[in-house]
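Down below is the structure, laid out as structure tokens.
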Amino acid sequence: MEVLAEPRWPPGLAVMKTIDDLLRCGICFEYFNIAVIIPQCSHNYCSLCIRKFLSYKTQCPTCCVAVTEPDLRNNRLLDELVKSMNFARTHLLQFALESPPISPVSSTSKKVVVKVHNADAAQHPVKQANRLMDKFLIRETGDCVFELLGKENERKFSPQKELSTSAEIKETSLLGKPVLGLSDANGPVTPSTSTMKLDTKVSCPVCGVSIPENHINKHLDSCLSREEKKESLRSSAHKRKPLPKTVYNLLSDRDLKKKLKQYGLSVQGNKQQLIKRHQEFVHMYNAQCDALHPKSAAEIVQEIESMEKTRMRLEASKLNENVMVFTKNQTEKEIEEVHSEYRKKHQNAFQLLVDQAKKGYKKTGRVSQAAAMRTDEPAETLPSMRTDEPAETLPSMRTDEPAETLPLMRADEPAETLPSECIAQEDNVSFSDTVSVTNHFPQPQLDSPGPSEPERPDDSSSCTDILFSSDSDSCNRNDQNREVSPQQTRRTRASECVEIEPRNKRNKN
């Protein structure tokens, strides 16, 4: 919402800026609206501002003293001061604008007064010089200076006197001896008996407070009016009670809508919007409870509805700024112009998105290159198998091969028929993933599936129930490092099976 800027204080009234700042709220920086005071720290704020702040933090915004809403108290004096300040502000600004600039005559007249005073001081005594200067001031400035000097004398004699009584004393004292009274102002001040008599105090018959005699009439009027106000307040209705706080987490949507309907608020929107609407109503209602003449609930509801409409209008205007709008009657040329204007308007945003995409592409490219380099490493870089690993880590034989391809040695053949090529070579044994298949079986047998091997009885020799010696173990490791033909594979398998003996025969031997 657009708010008209307040006019600044002119240089001649710069002193008023301090008073202006003291009459403003420390939260909204506007003039106090239903001012309330925090008794713990004596800081003042608008009632609505401090209640909204306390809904988030229960402390003073200035000094962080712990405060709750029931601790707040009205400060009617600040409200009256704000009203007087707004009234005086317009008149002071108008007076400052309409008053003519200061003429140089006043400065020359002051110089003349100083010169005359110095000349008289050299020729005559001090009292006579003061009298001449007073006469000169009265002749130059007229009645205005005469009245101002009279007021100063009266303030020195009796500072508690009112303007009405001081005006009467001024006329009687100054009309008799105008020059002598003015000359006495510059000399030593000696209180007279007439002024001492005016300081006598009299007790008020209503409240019993001792009041100066010249103020007793005004005090009596205020006392009597105060008693009438008290009686009228007692007879009038009691102060409006504020609404209690609501725990929204425990309320269902149905109960929340029921509360809104109770005060005449709208029930449209989701739960968060309903909660926000109810909170605003409670804050404004409780703030008006502190006012001398609070607004009704219907007026507060109207204000909330107008605020929501203004907020929605602003949000819609912001959305329309970032959206291209077309109509059916627009030509292709007009549509292209809208597109070009949109591109020019959001060129910086487009460039920012392009830069972000390029940075992300560079990062992903580096990651993909590093992954490709890892996959292209040769197989020789893999760690070699340790020679002391057990035989179970060797690749196992496929069970789907035909039994005819596995030549078995007779059990009664001696073990000395082992081939000479099965010599242990335990240094630098290495293997690859494909060795486990090509070293033991020919390619035709791998391509053509065969019948599964039939089950054998327990008393016959099986490949699972074998005992490996150190010679056969070294032979197996040696075979993995060489490419062999199918015939050599059969011979190697035959030599390996020499060690295989049935358990019954092994026990007999």
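The backbone N, Cα and C atoms fix where each Cβ goes, glycine too.
Of the given residue ranges 143-179, 328-364, 365-401, Swiss-Prot assigns the label region 'Disordered' to 365-401. It is 232-240, from the ranges 106-114, 232-240, 241-249, 313-321, that Swiss-Prot records as motif 'LR motif'. Across the zinc finger (25-64), DSSP classifies residues as 8 helix, 8 strand, 24 coil. DSSP classifies H219 (Zn(2+) binding site) as helix under the three-state reduction. The domain 'SAP' (248-282): residue composition by secondary structure is 25 helix, 0 strand, 10 coil, according to DSSP.
Under 8 Å, Cβ to Cβ, and six or more positions away along its own chain, H219 (Zn(2+) binding site) finds C204, V209, I211. Taken as a whole, the zinc finger (25-64) shows an average pLDDT of 92 in this prediction.
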